[in-house]
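Just below is one structure, and these are the notes that go with it.
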């Protein structure tokens with residue numbers, strides 16, 4: 001599954017608040033670029049009319065528990081909540097709120113994510129989907145008093161064209177001549193307008209970027225602390241909060257115990273001159289505490305915050321999700337429980353104590369940072385009054401924007417992100433084992449599908465997706481899918497993140513290409529695989545495109561590179577064969593993958609965008625998924641997951657180690673689709689060796705017709 005990491009598509013965040021409609025206003029003077037990055041879960045808070053938040057009580061709204069369900073059932077559920085009333089009626093209701101006395105705004109920004117910067121979110125946080133009708137995982141909606149526009153990236157252009165009604169303007173982010181959301185706001189609003197966001201759902205970086213960018217036209221960024229306008233019109237039809245029980249991720253899968261992880265984190269805090277850190281990314285919390293949850297579809301995480309000091313650790317979570325086993329697990333690790341909604345009170349308390357706090361401005365929401373800044377200024381003022389201010393007035397600037405602000409704060413990327421990305425031996429073993437069981441399920445599935453198609457069965461794309469889930473559920477340790485299955489026949493395969501819906505999808509056409517991108521969450525690992533096949537005879541053009549995608553896939557798989565190499569250096573390996581005939585694709589080539597965690601994780605990536613400067617490191621896992629998409633005709637993608645390993649090179653220029661990739665995915669690539677004349681002998685050898693490994697590793701796990709299918713589809717490719 002492809003994740004596009006585009007600076008221009010950094011989502012704008014919003015929250016889940018209702019009741020009293022107080023707001024804070026910030027005026028801007030500097031300029032910046034592009035849109036913010038992510039969002040976080042929601043809470044309701046009582047606020048005054050201050051420009052910075054004051055101490056308040058919080059109560060959090062979460063959403064329903066998650067379990068693996070067929071696509072058909074999930075689509076029905078989403079449809080019932082998202083389409084209860086026409087999109088234009090929702091827009092009218094939203095705009096009516098703009099003029100309320102306690103609101104008084106000219107535009108409102110509605111992002112995709114929840115309050116924790118999550119890519120996949122609980123259904124009750126899908127506000128952008130509710131207001132616009134567009135269900136893709138990435139995008140930002142902006143509503144003014146007379147216009148509504150939605151920005152999304154190249155993965156979703158065709159999907160957005162289908163789902164947006166005439167009330168919306170589709171902004172194809174990244175295309176020449178398409179403005180960013182802030183540029184558009186500067187163009188359509190009269191100078192001095194008020195643009196509102198929910199600060200709980202914007203990272204601090206994101207809010208600052210937007211603030212600076214719209215200041216070019218003297219616009220004000222209005223923080224709506226106590227109300228979310230989409231929630232106000234969603235009201236009682238909004239899905240219930242999640243309440244799935246948390247479970248312990250066993251040490252045999254985690255590889256490192258919680259006490260050791262916390263000790264390592266505290267060493268990093270001490271080295272940075274900090275005495276505490278706030279963690280808000282859900283997968284970071286799950287990894288650090290060896291816990292897994294079920295609050296979010298496809299991602300085994302729970303809604304929570306974590307504060308780690310040099311002496312203790314506090315998990316802010318709904319206690320109803322905490323089982324007795326989890327409670328003992330946390331107690332043994334020295335982790336205390338606190339109510340999820342009390343996080344701001346804790347932040348204020350830390351600031352008033354003069355705690356030197358590590359904050360990641362790209363993931364911590366603006367509400368938390370502003371609370372800490374406001375309380376920190378009070379603390380500093382008190383010290384100055386006593387004559388001790390100078391000793392405490394310390395600014396530390398290590399953030400992505402290079403800013404410095406306030407006393408006793410360290411502003412830099414979370415240290416947990418990289419630690420989580422570099423897998424230990426137990427995590428790698430779990431990933432290998434999960435991929436083999438997943439390969440067995442896929443062999444059984446492809447056997448069934450080919451038999452059905454050849455017998456003339458009329459299967460919809462949803463039927464196919466649901467059947468694949470049946471096969472995966474039979475595998476040991478299966479928990480959930482790792483994302484909505486992309487099952488696209490013919491033209492639907494050209495929609496990069498296409499999601500079929502019951503009653504609104506295609507029959508799988510044996511005369512057209514079929515693209516299947518799917519993955520699973522197992523107790524010991526996470527999978528993500530794409531295969532493109534033809535059930536009849538592909539055209540010469542389809543075969544050439546497929547083969548060039550395969551050549552790029554092989555080139556990246558075989559890459560050997562210095563240990564300091566960043567992902568964008570490798571991206572061209574996968575594109576060069578398409579470039580030779582003037583073709584390309586609109587997404588990155590690879591994303592990080594968690595170990596029994598999120599299918600998309602950072603900080604590493606392989607992309608044409610130069611913003612990510614994280615070098616690939618031994619132990620990381622990335623996807624290898626070049627593709628080609630011909631609008632309204634077909635889509636092609638070939639995806640395996642790769643483990644970054646040390647390469648056995650005869651030399652080490654510069655005294656550094658060199659790296660290479662080890663395959664984790666073992667499912668046949670359809671030989672029928674290959675134009676052999678385009679391949680070199682070395683490329684043919686790669687494909688034959690890969691299929692030999694597939695047979696060796698997966699055949700012991702299947703029998704009967706699936707074993708025969710696997711044998712037939714791993715035979716050597718030979719020149720005619």
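Here the Cβ of each residue, glycine as well, is placed from N, Cα and C on the backbone.
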Where TrEMBL places region 'Disordered' among the ranges 381-408, 409-436, 437-464: 381-408
Per TrEMBL record, range annotated region 'Disordered' [choices 26-46, 47-67, 68-88, 89-109]: 68-88
DSSP helix/strand/coil residue counts for the domain 'Creatinase N-terminal' (103-216): 40 helix, 24 strand, 50 coil
Residues of the domain 'Peptidase M24 C-terminal' (658-717) by DSSP state, where helix covers H, G and I: 36 helix, 6 strand, 18 coil
